[in-house]
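S.K.: As annotated in Swiss-Prot:
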COMPBIAS  11-41  compositional bias 'Polar residues'
COMPBIAS  133-143  compositional bias 'Polar residues'
COMPBIAS  215-224  compositional bias 'Basic and acidic residues'
TOPO_DOM  1-643  topological domain 'Extracellular'
TOPO_DOM  699-711  topological domain 'Extracellular'
TOPO_DOM  765-775  topological domain 'Extracellular'
TOPO_DOM  897-905  topological domain 'Extracellular'
TRANSMEM  644-664  transmembrane segment
TRANSMEM  678-698  transmembrane segment
TRANSMEM  712-732  transmembrane segment
TRANSMEM  744-764  transmembrane segment
TRANSMEM  776-796  transmembrane segment
TRANSMEM  876-896  transmembrane segment
TRANSMEM  906-926  transmembrane segment
Amino acid sequence: MTRNPFMVEPSNGSPNRRGASNLSKFYANANSNSRWANPSEESLEDSYDQSNVFQGLPASPSRAALRYSPDRRHRTQFYRDSAHNSPVAPNRYAANLQESPKRAGEAVIHLSEGSNLYPRDNADLPVDPYHLSPQQQPSNNLFGSGRLYSQSSKYTMSTTSTTAPSLAEADDEKEKYLTSTTSYDDQSTIFSADTFNETKFELNHPTRQQYVRRANSESKRRMVSDLPPPSKKKALLKLDNPIPKGLLDTLPRRNSPEFTEMRYTACTVEPDDFLREGYTLRFAEMNRECQIAICITMYNEDKYSLARTIHSIMKNVAHLCKREKSHVWGPNGWKKVSVILISDGRAKVNQGSLDYLAALGVYQEDMAKASVNGDPVKAHIFELTTQVSINADLDYVSKDIVPVQLVFCLKEENKKKINSHRWLFNAFCPVLQPTVVTLVDVGTRLNNTAIYRLWKVFDMDSNVAGAAGQIKTMKGKWGLKLFNPLVASQNFEYKISNILDKPLESVFGYISVLPGALSAYRYRALKNHEDGTGPLRSYFLGETQEGRDHDVFTANMYLAEDRILCWELVAKRDAKWVLKYVKEATGETDVPEDVSEFISQRRRWLNGAMFAAIYAQLHFYQIWKTKHSVVRKFFLHVEFLYQFIQMLFSWFSIANFVLTFYYLAGSMNLVIKHGEALFIFFKYLIFCDLASLFIISMGNRPQGAKHLFITSMVILSICATYSLICGFVFAFKSLASGTESHKIFVDIVISLLSTYGLYFFSSLMYLDPWHMFTSSIQYFLTLPAFTCTLQIFAFCNTHDVSWGTKGSTQESKQLSKAIVVQGPDGKQIVETDWPQEVDKKFLEIKSRLKEPEFEESSGNEKQSKNDYYRDIRTRIVMIWMLSNLILIMSIIQVFTPQDTDNGYLIFILWSVAALAAFRVVGSMAFLFMKYLRIIVSYRNKVEGSGSWEVSKLDLPNVFHKKG
């Protein structure tokens with residue numbers, strides 16, 4: 001067992017000097033019925049004759065004894081009160097050796113050195129989360145609760161190498177503990193000078209016992225029996241430091257170190273070796289069941305976005321604790337949820353976000369170390385169970401907030417979001433073993449029941465491997481952001497996707513992408529096969545895509561690695577996993593309000609989606625190796641066919657747009673005066689604009705050519721609006737004239753109106769039609785511009801496989817180092833800087849938290865010069881551009897602008913209407929199945945209660961807007 005140099009050794013625990021002859025004659029709580037004599041009896045009076053003679057002041061207490069004493073007495077006061085014949089002298093024999101109130105017998109249990117750092121936590125006990133558990137209440141003894149928050153410049157700690165106990169050993173210790181109250185034989189009751197005082201001290205003083213255990217866990221080497229041993233042993237540095245006193249005074253619960261002390265772990269290994277090297281998390285050491293692990297990935301988002309997300313998650317955890325009738329949740333539900341925040345790079349993280357975390361108590365900057373024994377730290381892990389929250393207005397909130405187990409992993413290097421997920425799935429999840437893993441992006445605000453709704457899908461259907469939440473756009477106060485056409489068009493796009501696309505794919509069982517802003521996975525489904533293949537292996541292949549070792553196709557495909565993960569789950573060998581859409585779980589996210597950021601974001605989305613769709617189409621045969629039913633496999637093939645058609649339309653989207661403009665605008669040549677002149681002007685204008693877009697996209701970044709992109713998009717919108725007006729004017733004149741030659745254009749207008757009508761009908765059926773009134777006009781006017789601009793820029797930048805679209809912050813602060821050296825007594829000593837003035841820094845952070853942030857303009861990032869990627873990019877653009885150009889020239893040669901019998905245009909427009917109708921059918925099927933489940937659930941509740949008056953249904957309220 002690792003020893004704390006500040007702790008009094010068992011041989012020094014007695015008030016007598018070391019080496020006293022009567023050391024082994026102290027007995028605990030002896031009574032007249034015990035076979036062990038009481039020291040106060042006359043038969044032993046001679047043995048304690050030394051107590052009648054003054055032999056000097058008692059042994060000096062350790063720093064830990066002073067720190068954990070109930071009244072925190074000074075050393076001189078301790079001497080005075082402990083002197084012989086002092087009127088306030090405590091009975092030190094009884095105080096040091098008194099028995100724990102939770103043990104009824106007088107047996108002594110020898111605690112093994114491999115005991116857990118914390119007592120086992122029984123999450124199933126119906127204990128009020130706002131009150132203390134009887135087992136957690138500190139006993140009123142000499143070393144009671146309370147801690148003196150003093151700091152020192154150096155922290156020295158003794159360590160030894162220990163081996164983690166196996167599960168069998170842990171069960172043996174538990175059995176000994178449970179049977180000790182009735183067993184009094186000599187084998188289970190050990191009385192010796194070497195073990196008696198130590199055993200009784202650790203057992204009978206819970207507060208000091210916890211301190212010893214925490215000290216033992218601070219730096220040790222541990223082997224995991226079921227994993228292969230590491231090639232090189234490394235010292236594991238774990239430091240527990242009190243949270244600031246200003247925060248501690250506001251906490252309703254202070255009965256456990258998880259509330260009062262922040263733990264820091266300096267991880268010097270890669271995430272794949274986290275468990276094998278002996279690293280763990282404090283919540284796992286407490287033996288708690290983990291139902292949900294919520295992962296928040298962060299790059300350089302500001303404190304307002306972080307506060308919005310974390311506060312909404314805390315309200316979700318509080319909702320879980322309110323579900324008292326649930327078979328899983330209830331008052332202690334917070335113990336089954338772990339919130340893991342992973343920041344991608346210490347140099348990239350926003351300082352305001354760090355201040356926010358420090359205000360919660362989970363982050364202390366001075367605790368982080370640069371290296372341990374010369375090994376560079378890969379990740380800084382901070383752990384705390386926080387009981388307060390800070391909302392988006394940066395105000396403290398404690399009402400209706402339950403404790404939340406929070407882990408903050410600050411990666412030393414910036415290795416992209418996929419590496420953050422590697423830390424989650426390969427490092428933390430094997431330790432916590434969660435049932436469901438929920439992924440949330442910083443900036444997403446969840447409704448109060450989102451986490452529960454996502455978890456409930458997995459609980460009700462054992463075949464569900466993943467679930468997608470409903471993503472909404474933040475429209476600002478009173479919806480003022482909708483005046484920005486960019487925000488309004490994205491709002492309409494998100495709504496149509498939530499009403500048509502996601503429900504359709506959910507009915508088939510395969511959702512092409514689970515949004516990273518709000519999605520959930522079953523951890524068991526993510527695990528690889530025994531041969532190493534599986535979803536996670538395919539998912540993390542994208543982290544090492546560099547240079548000629550991997551082709552551009554693979555590199556771009558892994559820009560949408562979440563799409564690959566969705567496919568691998570559904571097509572997992574010898575399984576029958578499906579993906580579902582959860583309409584009730586909503587998350588509001590901020591969308592790009594600037595054109596440059598919007599183009600950069602969609603470039604990654606479009607390239608990743610196209611190459612991932614090609615990957616799924618080429619590997620559709622993997623479905624045959626699954627255990628899906630024949631009916632499921634048939635409908636999955638129907639979905640593959642639908643996606644293939646959608647992919648073809650996407651590939652030829654530029655050509656279809658140009659041809660639609662060409663014939664709609666050309667229809668006015670013979671209708672109005674100077675119609676042909678207008679047609680020629682707009683025709684050459686759109687051709688020149690498209691050619692300019694290719695040049696701009698090939699040689700400029702959106703941040704550097706923002707105005708050029710905006711100008712091109714405005715021109716495309718004007719041309720599209722002109723062609724649409726021409727089509728409607730020509731259709732109305734055709735209706736007025738009643739000529740047979742113009743019926744074909746009437747069909748064109750009807751096909752267009754039917755497409756928009758289907759959108760409106762579906763929105764009404766989902767009781768969410770407001771976007772049709774507030775955002776549809778902006779969407780339809782900007783759709784051609786977005787289609788052309790985004791497609792051209794995406795294809796012209798297939799060589800760019802980078803992720804980041806945001807600037808970085810300033811240089812990171814230099815960290816101190818931790819050195820483990822060999823002491824003269826054979827023990828290992830860890831020397832490192834200890835944080836100074838924790839309380840003062842906390843006050844500074846609180847005052848700085850409310851200050852507004854001013855973002856500094858970041859310089860242009862260094863662009864990749866990989867000739868191989870650029871060569872492949874050129875070939876892809878040439879093939880795509882020439883294929884669209886050949887289609888345009890072929891159709892133009894067949895049909896003239898004045899030709900009313902244009903079969904190709906009719907085919908395109910009715911195809912769009914047919915695809916929209918197919919999506920509507922799938923959406924209505926999803927809605928029908930949803931209401932059918934509600935009816936069946938209601939019927940089951942009625943049959944269970946025997947009455948039609950069911951007081952409270954655990955059903956989603958579909959007629960009210962979710963919060």
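Easy rule for this one: first residue shown is 1, then count along the chain.
Even glycines carry a Cβ here, placed using N, Cα and C.
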S.K.: Report the listed stretch (644-664, 744-764, 876-896, 906-926) having the maximum count of Cβ pairs within less than 8 Å of the transmembrane segment (776-796).
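M.R.: Counting Cβ pairs under 8 Å, the winner is 644-664.
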S.K.: Do at least three C-beta pairs under 8 angstroms join the transmembrane segment (712-732) to the transmembrane segment (876-896), pairs 6 or more apart in sequence?
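M.R.: No; fewer than 3 Cβ pairs under 8 Å.
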S.K.: Could you give the residue numbers and ranges of same-chain residues that sit at least 6 residues beyond the transmembrane segment (876-896) on either side and whose C-beta is under 8 angstroms from one of its C-beta atoms?
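M.R.: Answer is 552, 651-652, 654-655, 658-659, 662-663, 666, 694, 698, 795-796, 798, 902, 904-905.
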S.K.: Please list the DSSP helix, strand and coil residue counts for the topological domain 'Extracellular' (699-711).
M.R.: 7 helix, 0 strand, 6 coil
S.K.: What are the DSSP helix, strand and coil residue counts for the topological domain 'Extracellular' (765-775)?
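M.R.: For that range the per-state counts are 6 helix, 0 strand, 5 coil.
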S.K.: In the same chain, which residue numbers or ranges, 6 or more beyond the ends of the topological domain 'Extracellular' (765-775), come under 8 angstroms Cβ to Cβ?
M.R.: 479, 482, 488-489, 491-492, 495, 499, 759, 923-924, 927, 958-959
S.K.: Using Cβ atoms and a strict cutoff of less than 8 Å, what residues sit near the topological domain 'Extracellular' (699-711) while being 6 or more residues removed from its termini?
M.R.: 594-597, 599-600, 692, 789, 793, 860, 863
